[in-house]
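Student: As annotated by Swiss-Prot, active site, proton donor applies to H89, with the evidence given as sequence analysis. Positions annotated as 5-amino-6-(D-ribitylamino)uracil binding site by Swiss-Prot, on the basis of sequence analysis: F22, A57, Y58, E59, T81, V82, I83, F114. The (2S)-2-hydroxy-3-oxobutyl phosphate binding site annotation in Swiss-Prot covers G86, T87, R128.
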Amino acid sequence: MNVIEAAVATPDARVALVIARFNNFINDSLLSGALDALKRIGQVKDENITVVWVPGAYELPVTARALAKTGKHDAVVALGTVIRGGTAHFEFVAGEASSGLASVAMHSDIPVAFGVLTTENIEQAIERAGTKAGNKGAEAALTALEMINVLKAINA
């Protein structure tokens, strides 16, 4: 039996983070968590990290696709927060961000990690951005690093 598993330490990885500006009071914490995980746990060098800000979560997929197509990155991490409000806007933005990023992941040769919070309220978002429920930005960054190594092992 052949079992493929991989570590997250990836010192030579080139990682792009695409982050939504909308709800930046939450997203700043996701970014901090992702950067900490990349540098401290993944041992990724500063010069190998690119951060791209976009207006909102809806713009994450097209930007992730553009980054993936450059060939300059080993993974893309998408970060953002969509909080349910009183209209159907939440369903449209959250759904399109999710399906768009999944499509980019399926059609590119690099991992695209999903670090987009989709919450019912601000409190849930705060909890998932570094307080009671961990930091989903850090988790997405670690997922990207592990997947870089998993795909390398599969293709070896």
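Placement of Cβ uses the backbone N, Cα and C atoms for every residue, glycine included.
Worth saying up front: this structure is predicted, and the values here are computed from it rather than measured.
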Student: To the nearest Å, how far is the Cα of T81 (5-amino-6-(D-ribitylamino)uracil binding site) from the Cα of R128 ((2S)-2-hydroxy-3-oxobutyl phosphate binding site)?
Tutor: 10
Student: Compare the Cα of A57 (5-amino-6-(D-ribitylamino)uracil binding site) against each of the recorded positions G86, T87, H89, R128 and report the nearest.
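Tutor: Result for A57 (5-amino-6-(D-ribitylamino)uracil binding site): the nearest of the recorded positions is H89.
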Student: Among the recorded positions H89, R128, which residue has its Cβ surrounded by the fewest other Cβ atoms within 10 Å?
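Tutor: Result for the recorded positions H89, R128: minimum number of other Cβ atoms within 10 Å at H89.
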Student: If you skip the near sequence neighbours and keep only those at least six away, which residues in the chain come within under 8 angstroms of V82 (5-amino-6-(D-ribitylamino)uracil binding site), Cβ to Cβ?
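Tutor: Looking at Cβ-Cβ distances below 8 Å from V82 (5-amino-6-(D-ribitylamino)uracil binding site), excluding near sequence neighbours, one finds N23, A57, F90, V93, A94, A97, V116, L117, T118, T119.
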Student: Does DSSP give V82 (5-amino-6-(D-ribitylamino)uracil binding site) helix, strand or coil?
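Tutor: It is in a strand.
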